[in-house]
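Q: I have a structure here, written as structure tokens, and I will follow up with some questions on it.
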Amino acid sequence: MEKKSLSLYLWLFKVNFFISAFTFGGGYVVIPMIRKYFVTEKHLFSEDELMDMAAIAQSSPGAIAINLAVLAGFRTAGLSGAVLCGVSSVLPPFLILSVISSCYQVFRDLPIVAAVLKGMEAAVGALIVDIVVDMGAAVLKEKKPFFSCLIPAAFAGSFLLEINVMVILLICVAACLIYYFAASRRTVSALSAGRPVPVRAESGSCSDKKACAEARPQTAADSREAAPGRYSKKGGTY
């Protein structure tokens, strides 16, 4: 067990050090790299969890790349994994900038350096478009018009109206909270009235209706039968 934990920590350090050292262009470029190693290759967490972590990393203070690395490390190996991933993400830029700052004038005037940076700009643009398409597809896959409308609305607010990104994030958070609060109230009202409530599977769809029907009670009567200890004779809850 200790050997397995040690190999996991070494892998986390190596992968985050590599991602931080060879990823240019900001935090959004880190997302496809995290997906490749943590989701696609190792299956340490799901695509939906990655999107949630990316949203948290973006809305939290600090660099998105380091925030996301810390969240991925915490999800994989707890607090020690978060600390390890944070340190391994900070080391490459710290070492590289320490070297470059000592001979900045020489690096700045080299034509080959300017050419490399131009090439990186093109690659960064392509990677950002890729992650935008993936995140947009994940939202549209939910098949909820409310969330689908948030995408163009947020884009219009940022690109056309030039509203501060933090303001847009706060508006979206408030809108989602109101949406989920209203949905919860509708669900409670339906259960109280004995009306069936649609069951949503974890994947976002329910292909096996029988399995989904058995997954949880759909009406107030079913709920009382499934957990009689939680309900009084009048149908209320303790």
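Just so you know, glycine gets a Cβ as well, placed from its N, Cα and C.
Just so you know, TrEMBL annotations are computer predictions that nobody has curated.
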Q: Which range, 81-100, 101-120, does TrEMBL list as transmembrane segment?
A: 81-100
Q: So which of 12-34, 54-74, 81-100 has the most C-beta pairs under 8 Å when paired with the transmembrane segment (167-183)?
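A: The stretch with the most close Cβ contacts to the transmembrane segment (167-183) is 54-74.
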Q: So which residues does the transmembrane segment (54-74) touch in its own chain, when a touch means Cβ under 8 Å and the partner is 6 or more beyond its ends?
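A: Non-local partners: 12, 16, 19-20, 23, 26-31, 34, 38, 44-45, 81-86, 88-90, 135, 169, 173.
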